[in-house]
Amino acid sequence: MADEIAKAQVARPGGDTIFGKIIRKEIPAKIIFEDDQCLAFHDISPQAPTHFLVIPKKHISQISAAEDADESLLGHLMIVGKKCAADLGLKKGYRMVVNEGSDGGQSVYHVHLHVLGGRQMNWPPG
């Protein structure tokens, strides 16, 4: 977890990201779901027994940069996350998280929804 915080402290918006490369299939990912709006794939550094990301194909650097026109797309990410969680057998529950900015732990500046499950989540999360 400390590595992710360190990455977030130096990450900055702008330019291409690893997620853009995954969307364009330039680098491999364990894809769970894909449609014309988004892509869901397993996290390469899982923080729970099940940990996947749902990302929009449209580049939005962070939630604070989202526009009103992105409302439907952002809602779609949550619905896809819910469906993928069900497909992966997360019957007892799961957590959805979006990190915003360096203090929020955002290490990749392309909006992404984390879905974590397969164990009891702790509270508070931070």
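Our numbering is plain: 1 for the first residue shown, then up by one each step along the chain.
Including glycine, each Cβ sits where the backbone N, Cα and C put it.
Within the set 90-94, 105-109, 110-114, the record from Swiss-Prot flags 110-114 under the feature motif 'Histidine triad motif'. Take the CB of LYS30 (N6-acetyllysine) and look out to 10 A: across all protein chains shown you find 10 other CB atoms. A straight line from the CA of ASP43 (AMP binding site) to the CA of SER72 (phosphoserine) spans 24 Å.
DSSP gives HIS114 (AMP binding site) a strand state.
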